[in-house]
Structures are given as C-alpha cells and as structure tokens.
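Here is the structure we will look at, set down as structure tokens.
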Amino acid sequence: MARLFYSERGDHIESTEPVRVSRYRGITRLNHWITAGSLILLALSGLAFFSPSLYFLTGLFGGGQIARWLHPILGVVLFLSFALLFLQMWRLNLPRPEDTTWVTRIGDVVTGHEERLPELGKYNAGQKFIFWAMSGLILVLIVSGVMMWQQFFDGLVPIQIRRIATLIHALAAVAIILVFILHVFAAFWVRGTLRAMTRGDVTGGWAWRHHRKWLREVAGRGDRGPAE
Amino acid sequence: MSGTAPQPTTAAANPPVQPMEAGFGTRDLVRVSATADLPAPDRQLTKLAKLIDVSKCIGCKACQSACVEWNDTTPEIGENVGVYENPHDLTPDMFTLMRFSEWENPATNELEWLIRKDGCMHCEDPGCLKACPAPGAIVQYSNGIVDFIHDNCIGCGYCVTGCPFDIPRISKTDHKSYKCTLCSDRVAVGQGPACAKACPTKAITFGTKDDMLALADDRIEDLKSRGYDNAGVYDPEGVGGTHVIYVLHHADKPGIYSDLPENPRISPIVEGWKGVTKTAGMAAMGVAAAGALLMGLFSRGNKVEAEEEVAAERLVRDREDI
Ligand code: HEM
Ligand code: SF4
C-alpha cells in the first residue's frame, strides 16, 4: 500500500451521500475517554491539594485521605493510557511546512476564514500543539509525581529534590489544566468535531473545511482501507 | 473539676493530682494549616521552650524511653549495626532520637563525642504548617507549640517537604504524619514534657522561653569559663526562633552535631510553591475557565457551510470514479 502522509490506515469513507468519514476507531475512542476521564479526576483531586479554597473537592472522592491515595494511582492510569494514544497519534502530529503558515495566519483561524489557510492533513498546528504539550506535561507530571509519592516512593529522592519536584508538579499541573481548557474549548468551538470522538466519524463538509488534505488522501484510496 | 491547669514553668515539679480543665486549647490557636482568616485569639499565652544542653547530655536515652512511654508508641525492634543510634532514624513511632557523632577538634586534637537529641524544634515560623494542604491538620498555639491534628491529616507528606529540619515521618500503617508534640497533652494539664521530666542530668529543661534563654546564658558563661569559647545558644532566627533550643559547646559549627542546619529557614522553593505559584496559578486557571465558558456560550462557533458538504461529496465521487 502507498505511504500515507496525512491519514491513518483505518481512516475511511463511511458513506458518500452524505459523505461521512471515519476518523477514530472504537478502541481509540475508548482510549481517549479513559485518558480524558483520568485527567479530569486528576485535576479535581490535585486542585484540592493545590489551594485550601478547593480542598472541598476531596469530598468528591470520599475525603482527603482517599483523594491523596487515589491521585497518584490515577496518574499511572493516565500515563499508561496516554502512552497508548501517543503511539497511535504521534506520526501525524509531526510538524509540516503548512503548520508555519497556519500559525502565522492565526487571525484567520480565530475569525473562521479557513479559505485563506493552507489545506491541512489530519491535524492542524493547534491540535499538534495540544498533542505535544500534553505529551511533555504528562511526562513531567509522572516523573515529578513519583518523586512526591510518599506512600510508595518516600525515600526515592532527597528532600531538597522533592521540593523542586513539588514546585514543578504544581506548575505543570496548572499548565496542563490550561491546555485541557483550550482543548475542550476548541473541540466545542469547531462545530462538528466532538462526534469524531463520540461516534467516531465526521461529515464530509467538516473534513473539507478543516482537513482537506486528509480528506483527499482518504478519498483517494477509495474505500479500500482495512475493515475495522 | 477544680479550676484550670496553669501553664507549667518547669518539668521538675510534680503535677497537680486533682482533675483540672485543660490550660490551653483551640481558642489559643495562632496558626492553622490551609486556613487563611483565623480570628486572633483573645489572649496571648506565655511562650514556652524546651532547652537541650548538649554539654550535659550523657546519651542515656532516658528521654527516648519516656517519649515512647508517654506517647504509647511501640517502635519496631531494630538491628544492631554497630552504632549508638537506636532506632537508626526518627520514625512515626519514635519522635525523638539521640544522634551521636565523633568529631576531631582541630584546636585540641581531641576526639569529641557529640550527642544531640533530635526532634521537632517547634519553629515560630513552621515550614510543615506552611506546606500542609489539609485544613486544620497542623496547628500552632500562642505558647509556641506546633501540633499535628491526626484526624485532619491526609498523609500527603507535604510537611516533610516543608520542614527545614527533616522531622515529620509518615506512618505506613495509618498514613498520617507524626512528630514530637512537645507533650502538648501534658503541658495542657500543667506538666512539663516527658523527656525533660525523665532526664537524669537535667540536660533537658522546660519552662518559659525567657527563663530558658536566661538559663542558657548561665550555661554558656560556665562553658566559656571552661574553655569553650564558642559556646552559644541555638535558637535559629531564620525560622523566627524555635521553642526547642540547644546549648552547644561549639555553637559556631552546628553542623558537627549530626548535621544540625547552620541557617535553617523555610526553603525559598517551598515559599515560591506555596506563594506566587498558587496565586498566579489560580488566577490563570480562573481566567481561562471563565473565558472559555463565556466564549463557548456566546460565540457563533466555527460552522461548516452547506457548500462545503457539497464540495466534499463532489470530491469523494470524483475520486471514487478513478
Ligand atoms: C501523571 C502522573 C501523576 C502522578 C504520579 C501524580 C502524583 C502526585 C502526588 C503524589 C501528589 C501529592 C499529593 C498526593 O500524594 O496525592 C500530587 C499533587 C498534585 N497533582 Fe499530581 N500526579 C500526576 C498527574 C497529575 C495531573 C495530570 C494533574 C493535573 C491535571 C495533577 C495535578 C496535581 C496537583 C494540582 C497537585 C497539588 C500540587 C500542590 O499541592 O501544589 N497531577 N500529584
Ligand atoms: S521542626 Fe519541622 S516539624 Fe517541627 S515545627 Fe519546625 S517545620 Fe514543623
């Protein structure tokens, strides 16, 4: 099979009238929602320790002791789950020349003038930013988090290192929450995107408008993608 | 009940035997972890202190035994690895520990055996309390005692991160943090700490901080008259002074006493973490969340146009015809 530059092998045209394009397999969607769920629970339990004004969030988990116990365990779930997503997605998130143009015309992006932007593959530079920011921050969070993990790793690093790890963990947590907000906002603001992660497909118009190179490549190989 | 227990000014006197109301309690709190606007207490208790005179200590560990006895902890039976420290470190069941070090005095060429009773210093500005995320898990009373309230402790270990003296230890059994309480429960009923009471050489004494500083001065004068020119008190300013203070014969070199910190203070990293990181972080997350919510609700969104669906249909049809 020809090398694919803009799409995954599983992406395929599901129907032609109207056009619907399959974007994520069921297993990828499940993987995504486990990642999302653990990230949200991590943010809620972590924020409870972050600020006394948010300590009440421990109530969601059945108290401070349980939240303290659960948070790092969810961290491991997030890390493993994201690692699987990473393996599926990293290739199409590598930077491409058209990303530079996209970024320099960010004004047209926010005003919705996509006709003035280059045609794009499966991901635009914004989506790629979210992908790499999540990857980097999750790595920072797991490394610093393990150093803070009193229950199982209390003697792992000296206290001075633990202080630095704690500061870094708190900063990285704020950063990943900001990236998360941007991610959710973008998925919602670009109408028709959410269904890619719920039902697994998008409309032809959506693919034409936002990811035309991806659509061309998927359509170009007809419906011959491997069956799910 | 016959009245309220007075604050003890010594550990030497025998305690009153009749039942009495506790002498201090929640109304005397001056600091509570993760609690911003604590009302100021309506009275100020006399500041207390425990004085540990290392020059008088013979390393008998009566204080350790008294501590175990009073606090009803059961330290694990250890293994002799050929050193005097027993157990080998502070533990959740051992709140105080005699630390032994051998030091060759370059001035006299003599070997000195230095013994220091380690344990919580009851800092005036406690790093443990500053770092603690759980409301009410660490408190400070106006007499200077820093106490852990175990019902509120979640076992995260932030107090360990915050403490400049490496004192708190988290239990692997109940996942709560433990350290010396300065026998707050004894002090509340008019008695001095168990260790001070048990010490056979009066190397440990207890009383008001002023009295203890005066006693330390006497001891320092005596030590100086015996040739310890650098004798002095250890009441480190970097943490606002402490309520456990030492008389050291070599006060110019606290480090030789099993790494007693030279200039202890709350680490700037901890200050930055609990300070600007929290304010700036909360502001950034708040603005982002509110902004995203408002934009999400009120903006039109980026919608696909009908022509674009048609264009996609054309594209797919044309390609499939190939
Ligand atoms: C990836 C693996 C992670 C591990 C192993 C981990 C571990 C930890 C640990 C051990 C603590 C100390 C409290 C406790 O013992 O429960 C902590 C605190 C915290 N975590 Fe995580 N965590 C991880 C991921 C995350 C993520 C993804 C977020 C944000 C969405 C986050 C946000 C926080 C916050 C805000 C705190 C409180 C920091 C502070 O007190 O300033 N963590 N984490
Ligand atoms: S010595 Fe450590 S545990 Fe004791 S009051 Fe100071 S900071 Fe807290």
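Cβ from N, Cα, C; glycine included.
Just so you know, TrEMBL annotations are computer predictions that nobody has curated.
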Out of B:Cys132, B:Cys180, which does TrEMBL tie to the same [4Fe-4S] cluster 4 site as B:Cys153, B:Cys156, B:Cys159? B:Cys132
Give the range, chosen from B:1-22, B:23-44, B:67-88, B:89-110, that TrEMBL lists as region 'Disordered'. B:1-22
B:Cys67, B:Cys180, B:Cys183 bind [4Fe-4S] cluster 2 per TrEMBL; candidate in B:Cys57, B:Cys60, B:Cys195 listed for that same site: B:Cys195
Mind sorting out which of the binding-site residues B:Cys123, B:Cys132, B:Cys156 are close to chain A, meaning Cβ under 8 Å from one of its Cβ atoms? B:Cys156
Would you say which of the binding-site residues B:Cys123, B:Cys132, B:Cys153 has the most Cβ atoms within 10 Å of its own Cβ? B:Cys132
Near ligand 2, meaning Cβ under 6 Å from any of its atoms: which of the binding-site residues B:Cys132, B:Cys156, B:Cys163 fit that description? B:Cys163
B:Cys132 ([4Fe-4S] cluster 4 binding site) versus B:Cys123 ([4Fe-4S] cluster 3 binding site) - Cα distance in angstrom: 15
Tell me which binding-site residues (B:Cys123, B:Cys128, B:Cys132, B:Cys156, B:Cys163) have a Cβ under 6 A from ligand 1; sequence order is fine. B:Cys156
B:Cys128 ([4Fe-4S] cluster 3 binding site), number of other Cβ atoms within 10 Å: 27
The binding-site residues listed are B:Cys132, B:Cys153, B:Cys156; by CA-CA distance, the one closest to B:Cys163 ([4Fe-4S] cluster 3 binding site) is B:Cys132
